[in-house]
Structures are given as structure tokens and as C-alpha cells.
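All remarks here apply to the structure that follows.
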Amino acid sequence: LTGVLDDCLCDIESIDDFNTFKIFPKIQKLQERDYFRYYKVNLKRPCPFWADDGHCSIKDCHVEPCPESKIPVGIKAGSSNKYSKAANNSKELEDCEQANKLGAVNSTLSNQSKEAFIDWARYDDSQDHFCELDDERSPDAQYVDLLLNPERYTGYKGPSAWRVWNSIYEENCFKPRSVYRPLNPLAPSRGGLGSVCLFSWTGLCLEKRVFYKLISGLHASINLHLCANYLLEETWGKPRWGPNVKEFTRRFDPIETKGEGPRRLKNLYFLYLIELRALSKVAPYFERSVVDLYTGNGHEDAESKALLLDIFRDTKSFHMHFDEKSMFAGDKKGAKSLKEEFRLHFKNISRIMDCVGCDKCRLWGKLQTQGLGTALKILFSEKEIQSLPENSPSKGFQLTRQEIVALVNAFGRLSTSIRELQNFKVLLQQTR
């Protein structure tokens, strides 16, 4: 892939260089930090759209939840530590360890903290999220160590996987009129998930083009992860994972996909730019002293925040961002209606992730969808972020720890995808 992307003044080569030399090494380090490696997720929520057709029985679909004893105490203490360590003295931590209900945690807070906490909770409840959020207090919600449950090929495919993507594209996605995808996997075709060559954006406004590209880019990124971390062989219980050039070609080669593959990869770059833009926009939120990435380990927390702020500086230094101001810029009534349609479509897609039959695929699908939803929330909250108070929580804009973890890890996945794409270029050259 080369040249300039549609709907933004940015070329692919610049993104490759920026990601390889600036972003990728740092985001990898950040994802290894305790604050970002533990993600709380409910993998037992029922599919809200159709009867569950059974979970994947392949062992690589399994997700190993993290024992409670392994979770850093500052993370376990929950929502009261949303912004800082101020609410955490030793007595409160002991009480939080024993508390099973929100009220028990509440009783350890000062009156001032209580008022702030009520404000946070009230605002969280009323906020127009782009994602369907898991209830972290549900007994089915468990912490998962993302480093021990990497996203990779599990063998989950066929009608169940097709049904999920088909529902996303055909029922919840604005798309070009000529694109009918993905195809039913039971029908004979070498085109994989896409086979239509004709492509027209006629009648599709910028916002709807953007929406389609975000979903297509997310799909391409997930497929790239599976191709790059494929089960190549399993001997004597020691599996070997690595890049599968044949699978990559099947999903992205122009001839194999009848012209669709390169377009999917361009949408991946577009999604990268959208989330990069969100990171640069949310920097002021984290630059405040009131925000700590609190785990209970002061030294590590300080290093994590310093590394995150360093990444923000890099995102701001990139001069070819997508300009989200061009979106929803028409008449106020029409723009508001379109934004709401946009939000509801995306929220529905986040709910479809509860229909994924493979637990590991569901985990990473939910995380990356929530990360993108958080990025959209940021892009549509610029005024609120700019007016944040320095030394107190904001009532106008805030992020839960779950959203922060999803945002960073989702962007880390995109950064990895673009890095893996460079690896596949080399491998393809070697096979010719």
C-alpha cells in the first residue's frame, strides 16, 4: 500500500514510519504495565439478538481469568480510585478488600469524596456512551490478564463467526451500496469475507463513510492479528505460533479478494488515524495532577503516567491528523440526529460482541470495540476536555479505568497490526 488515504490528507508511508519508530515500542511497554494489563470483562452475558448457538469448544478459545490475589490492590479497590490515590489510605484499602457492596466502600470515604463520587456515578449513568458497558459489579465480571491471554488464531470460524460479522455489516453499518459482505462461508468462494469488486460511495455522506471505514478497519486489524499469530504446528503439546503468509494472502491479496483486500487495509490505516487523533485530544485530561494511574505501587504508577504522557507528546507531534471537525458540521438539527444515529449503530455493534462464541475472540472484540467507542466519545467531547479543572474531577467529561485500559490496548492492537503489515511485506517478498 502506498499513497494518500481518502477523507484525510495523510499518506501511508508517513504512518508506517511514525508508528514503527515512535509509537510501537512505547505502546508495547505501556501495555505491559499493571494498570493496563488487567481488564475486567463479563464473558457470560447472553447474546441479545439470537439464541446462543453454543460456545467454541477448541481449547485455544478459552480465557483464563486472573486470581483475585494477583490483582494489584489499587485496581481491586474499584471506582473510588477513578482519578487518584487520594481516597486510599491503609484503612480504606483494608475495608475495600473486605467489601462486597458499593455501600461498604462508600462508608470509608470522606464527605467531600462522597459528594464527588456521587457526582461521578450520576454522570456516568447519564453519559451518552458509544458502547454497551459491562457491569463491573456483576458476579460474572472477572479480571483477565491480557498478557496471558493474547489475541491470536483460535480456530473459531464458520457459520457462527460469519453470523456476527454479517449482522455488523448488513444490519448495523452504513456501507457503500455496492458492497455485500461478508459472504456466507457455506457458499463456494475463494474470496473469503469479501468478493464484490464494484465500489461506489454515491449518496453516502462523510460521517457514514467514516463509520463504515472504522468497522472495516477494525475487522481488518483483527484478521491481521490472527494471520500474524497463527497456530502453525502443535507437537508434543508445544504449539508454535507465527505468521501465516497463505492466510494473509487469502484475506488481503487483491486477486484473492477481487480488489477488496487493499481497501480493507487502507481502512485499518484510517482507523489508526482516528484513534491517534483521540489520544492527542485526550492528553489534557491525563496531564492534570489529579489523575493518577493508580495501582498501589507509587514508583510504577509514576513511570506509567510518564510513559503515557510521552506517547501523548508523540501523538501531538504527528502533523497529518484526521480532522473530526468536518463531521456533524451541517445544520444543528440534522447533525444532532445523525450523531445520535451514529452512536446507536455503534452501541449495537458493541452488544453484538456478546454473541461471539469464542471467549478469547469475545474478550478482544469487546475490548477493541470499547476502545474505539472511547475514542469516539473523546472526539465528540473536545469542549468539555478543554475546560477541565486542574485539581478536581470534572463533571463534564471523565473516563473510567475500564475505558482508559480499553483505549490504550485497542490503539496498541492497531499499532501492532501496522507493524505486522511491514513484516508480511518482507515475508511476501521472500516468497516471490
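Yeah, the Cβs are placed from backbone N, Cα and C, and that goes for glycine too.
Taken from TrEMBL, the feature disulfide bond covers Cys56-Cys61 (among others).
Within 10 Å of the C-beta of Trp165 (FAD binding site) we count 19 further C-beta atoms, all protein chains included. What TrEMBL lists as FAD binding site is Arg152, Thr154, Trp165, Ser216, His219, Arg251.
In this view, Cys358 (active site, nucleophile) is surrounded by 23 other Cβ atoms within 10 Å of its Cβ, with every protein chain counted. Annotated active site, nucleophile per TrEMBL: Cys358, in sequence order.
According to TrEMBL, the feature disulfide bond maps to Cys358-Cys361 (among others).
Per TrEMBL, active site is recorded for Cys361. Other C-beta atoms found within 10 angstroms of the C-beta of Cys361 (disulfide bond) number 25, with every protein chain shown included.
Closest by Cα distance to Ser216 (FAD binding site), from the recorded positions Cys61, Cys358, Cys361, is Cys361. On a Cα basis, Cys358 (active site, nucleophile) lies 12 Å away from Arg152 (FAD binding site). Arg251 (FAD binding site) is 21 Å away from Cys61 (disulfide bond) when you measure Cα to Cα. Checked against Cys358 (active site, nucleophile) by C-alpha proximity, the binding-site residues Trp165, His219, Arg251 yield Trp165 as the nearest. Listed binding-site residues: Thr154, Ser216. The one with the lowest count of other Cβ atoms within 10 Å of its Cβ is Thr154.
Each of the binding-site residues Arg152, His219, Arg251 was scored by other CB atoms within 10 A of its CB, and the lowest score goes to Arg152.
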